Amino acid sequence: MQDPKVILLVSGKRKSGKDFICEKLKTKLGENICSIIRISGPLKGLYASLHKLDLLELMSDSPYKEKHRLNMIKWSEGERDKDNGYFCRAACAEATVTPVWIVSDIRRKSDIEWFKETYRGITKTVRISADLDTRKNRGWKFTKDVDDAPSECDLDDFNAWDIMLDNNNTQQLETAIITVLEFLHIYTNNV
Ligand SMILES: Nc1ncnc2c1ncn2[C@@H]1O[C@H](COP(=O)(O)OP(=O)(O)OP(=O)(O)O)[C@@H](O)[C@H]1O
């Protein structure tokens, strides 16, 4: 199977606008050129099949999901400890190969390391930032065990981003999209 030409590894704090920007980029590039991958995508499916659970119930906002949530988190942490590429590999295996992949939920240094080792020379890191007030206006509220957890904080001190984007307003959003499109143009011939 062919690999993509460029993989953008996108990270940002909650409500910085990761999904919003990734979807805009995908729309601009078109789905034949660009796919969005979520490392967290296969997690529930793997957990459900391993533990013979109902995936649809697990995906819903139901008491069933709440009942299994903690065990699912513990299981995923355990799998990641044993093999830090476990979920990255599963997400890539089920992704459609297009010239550009955008991984929209990069959360840990180990995620970046796995992609850089597995897809040498074609991974680029992107950090999206928004001010605290902007994030609050978008609905962010400090949540214990979420905002102070490694999944939210591990990349706070990573400082080797290839692209850094601010996303506080429409003007910055437009600049961000142009910046990434120009960057992709440098790294691919066909995009
Ligand atoms: N530049 C922007 N202009 C207007 N609205 C925006 C902008 N960026 C993000 N938003 C809005 O802010 C909210 C949060 O954005 P989004 O879901 O993309 O954040 P996120 O970083 O993916 O958050 P989470 O990590 O919690 O999933 C969404 O309602 C989105 O539509």
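Each residue's number is its place along the chain shown, starting with 1.
From the backbone N, Cα and C atoms, a Cβ is placed for every residue, glycine too.
What TrEMBL says about a protein is an automatic prediction, not a curated fact.
Copied over from TrEMBL, here are the features:
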BINDING   LYS13, ARG14, LYS15, SER16, GLY17, LYS18, ASP19, ARG138  ATP binding site
BINDING   ASN167  substrate binding site
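For GLY17 (ATP binding site), the count of additional Cβ atoms within 10 Å of its Cβ stands at 24 [all protein chains shown]. Among the binding-site residues LYS13, LYS18, ARG138, residues whose Cβ is positioned under 6 Å from ligand 1 are identified as LYS18, ARG138. Under the DSSP three-state reduction, GLY17 (ATP binding site) is assigned to coil, being neither helix nor strand. In three-state terms derived from DSSP, ARG138 (ATP binding site) belongs to neither a helical nor a strand segment and is classed as coil.
Counting every protein chain shown, 19 other Cβ atoms lie within 10 Å of the Cβ of LYS13 (ATP binding site). Sequence-ordered, the extra residues of this chain that approach the ATP site, with Cβ no more than 8 Å from the Cβ center of LYS13, ARG14, LYS15, SER16, GLY17, LYS18, ASP19, ARG138, are GLY12, PHE20, ILE128, ALA130, ARG135, TRP140, ASN167.
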